[in-house]
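A.B. asks: These came from Swiss-Prot, pasted as-is:
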- 34-64: repeat 'ANK 1' (REPEAT)
- 69-97: repeat 'ANK 2' (REPEAT)
- 98-126: repeat 'ANK 3' (REPEAT)
- 128-157: repeat 'ANK 4' (REPEAT)
- 184-213: repeat 'ANK 6' (REPEAT)
- 215-240: repeat 'ANK 7' (REPEAT)
- 49-72: motif 'RxLR-dEER' (MOTIF)
- 1-14: signal peptide (SIGNAL)
Amino acid sequence: MPVLVSVALVARHSDTLGALQHVEQTISDFIDYSKCWTMAKAVSCRNIRLLRRILVHRGKDDNEGSCMDIERAMEVASASGDMEMVQFLHETYPQHGKTRCLELAASNGHLDVLRWIYKHRNGKDTLTMSAFDFAAGNGHLDVVEWMHANRSRGCSTRAMDCAARNGHLHIVQWLHAHRQEGCTTQAMDWAAQEGHFEVVQWLLLNRQEGCSSIAIDAAASNGHLKLVHWLHEHCNVTCSYFACAMAAERGHHHILEWIGQIEQT
C-alpha cells in the first residue's frame, strides 16, 4: 500500500524518519486502518477511497464478520442513492446474501439506483410490496410509476394510507386512478392528525372508506381547528373527552373554545 500523504509530509520534515522507510510505512499502516472501520461506515461517509483501502487490508475473501458488513454496506449505499458505491459493491461481491437494497432505494426515491439493482440483482433480492408502499408513503411518484409498470404484485392499502398521512395528495390521486387496492379509514384519520386539509377533503369527496372518530380527535389533539370544524360539519362526528383533554394538555385553547361553543348550541 502507498504511504498516506499525511505521513509522507511529516516524514519529509524529519531527517530521521525520512530515512527509515519501513517505519514510515508502519506508521502509515497503523493510521490508515482500524478494525473499528467497517465497509458500512466508509459507505455512509461516501468515501470510496476509504472503502477500497479497507478491502485491501481485509482481503476480499475475509469472512470474519464480512458477510453482514458487505450486506449492510450495500443497504447503506442503496438508501443514500450512491450509485458509485452500489455498483462497486455489487460488482466486487456478486454472490452476496439477501439484502433490502431494492426496498431501501425505492423508499428513498432513488429510481436510478433501483433500476440498476433490479437489472443486476443476483436472484436473492426481491422487489417487495413494502417497497411500493414505502415509495408511495414518501411521495416518490417516479418510483411508484416505475414499480407499477415493472412488477405484478402491486402495493397494499398502506400505500394510499401512508401517502395521505404524509400529505402527498398527488400520490393519493395517482393511486386512486391507476391502482385497485384503495385505502382504509386510516387514510383520512392520519391525514387529519397531521393537518392535511386538502387530502382529507379529497378523500371524502372521492373515496368511499370515510374516517373514524379518530380523525376529529387527532385533529383536535394537534390543534387543527379548520379540520375539526370541517369534519364536524361533513362527517357528523364530535370530539371525545380524550380529545378535549389532549387539546388542553397541549395548550390548544382555540380548540377548547370551539368545542365549548358547539356544546352550547
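Heads up, the Cβ atoms here are built off N, Cα and C, so glycines get one too.
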A.B. asks: Take the repeat 'ANK 2' (69-97) and find every residue of the same chain, 6 or more past its ends, with a Cβ under 8 Å from one of its Cβ atoms.
C.D. replies: 38-40, 42-44, 46, 48, 51, 55, 60, 104-105, 107-110, 112-113, 116-117, 120, 122, 124
A.B. asks: How many of the residues that make up the repeat 'ANK 6' (184-213) does DSSP mark as helix, as strand and as coil?
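C.D. replies: Breakdown, helix to coil: 21 helix, 0 strand, 9 coil.
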